[in-house]
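Enquirer: I'd like to ask you about the structure that follows.
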């Protein structure tokens, strides 16, 4: 169905996180059949289904195409907002100050928790050392310019984001809280799952960037009423969406804090098609 701003049909906006929510398996990028069926049906009915994720576009593209999506996408938690299906939509890219990021990463409390990190822009990546799990989620090897090892002399001064892995025993919430309190004037910090049994990933984006702001833009662009907005997520980087959307849905595998903030907590996990079951019964 073609998008029509003047349409009188009641349409919903489903703003959906990828890892731990829409995807049944982050490593393989698989989608539960129930979720795939429900999303395709919603799109065919004219509803807006938007992916808002910490991933870059290169590792979001296969999912976007598989589901037949046609709406705005938010990558890097909103640092890159674009619509691959609309050549007339002007993309928005927000960059980080590299010097400020390196200052944050040099903090002893932060540095001792980091096991690997990557600095990246829309078409380039520098990764400290190879890691198949991290590379599968972020599609680093698909970047136009990929470099193993961080060469500070050859990094553009304006990356879009930084991602870093932490130790398996890192207290995620404690570190996230520390980053926000200590460096909240320099950037936005979030943490999310990159797959079952794997350590969480942290990311840093420019100040003022979060998923909730992407929802605000999307609802205005498509003329969606606030009452008809639904956010679906499982981790800490999804909380900003919950502050904007009218209905907040989490799968059974979501972090306890996310469940506490949710309007609806599904019985199913992401692996069991939680997103599909909710949309199908909306």
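One is the number of the first residue shown, and numbering goes on along the chain from there.
A Cβ is built for glycine as well, from the same backbone N, Cα and C atoms used for every other residue.
Annotations per Swiss-Prot:
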BINDING   17, 19, 234, 235  Mg(2+) binding site
ACT_SITE  17  active site, nucleophile
BINDING   18, 53, 54, 211, 237  phosphate binding site
Enquirer: How many whole Å apart are the CA atoms of residue 17 (Mg(2+) binding site) and residue 53 (phosphate binding site)?
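Expert: Here the two Cα atoms lie 5 Å apart.
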Enquirer: Far apart in sequence but close in space: which same-chain residues, 6 or more away, have a Cβ under 8 Å from residue 54 (phosphate binding site)?
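Expert: Listed in sequence order, they are 19, 75, 76, 77, 163, 190, 192, 201, 203, 237.
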Enquirer: Name the residue among the binding-site residues 53, 235, 237 whose Cβ has the smallest number of other Cβ atoms within 10 Å.
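Expert: Taking 53, 235, 237 as the binding-site residues, the minimal 10 Å Cβ count falls on 235.
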Enquirer: Excluding 17, 19, 234, 235, which residues of the same chain place their Cβ within 8 Å of the centroid of the Cβ atoms of the recorded Mg(2+) site?
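Expert: These residues sit around the Mg(2+) site: 18, 20, 21, 192, 193, 233, 237, 238, 254, 270.
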Enquirer: Quick one: pull the CA-CA distance for residue 211 (phosphate binding site) versus residue 235 (Mg(2+) binding site), whole Å only.
Expert: 12
Enquirer: Around the phosphate site recorded as 18, 53, 54, 211, 237, what other same-chain residues have a C-beta within 8 angstroms of the site's C-beta center?
Expert: 17, 19, 52, 55, 74, 77, 190, 192, 233, 238
Enquirer: What whole-number Å value do you get for the CA-CA distance of residue 235 (Mg(2+) binding site) and residue 53 (phosphate binding site)?
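Expert: Between the alpha carbons of residue 235 (Mg(2+) binding site) and residue 53 (phosphate binding site) there are 11 Å.
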Enquirer: What is the maximum Cα to Cα distance, in Å and rounded to a whole number, among the residues 18, 53, 54, 211, 237 annotated as binding phosphate?
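Expert: Greatest Cα separation within the listed binding residues comes to 12 Å.
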Enquirer: Within 10 Å of the Cβ of residue 18 (phosphate binding site), how many other Cβ atoms can be counted across all chains shown?
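Expert: The answer is 25 other Cβ atoms.
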Enquirer: Kindly assign residue 17 (Mg(2+) binding site) to one of the three DSSP-derived states: helix, strand or coil.
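Expert: In the DSSP reduction, residue 17 (Mg(2+) binding site) maps to coil.
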Enquirer: For residue 211 (phosphate binding site), name the DSSP secondary structure in the helix/strand/coil scheme.
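Expert: Once the DSSP labels are grouped into three classes, residue 211 (phosphate binding site) ends up as helix.
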Enquirer: Express the distance between the Cα positions of residue 234 (Mg(2+) binding site) and residue 18 (phosphate binding site) as a whole number of Å.
Expert: 9
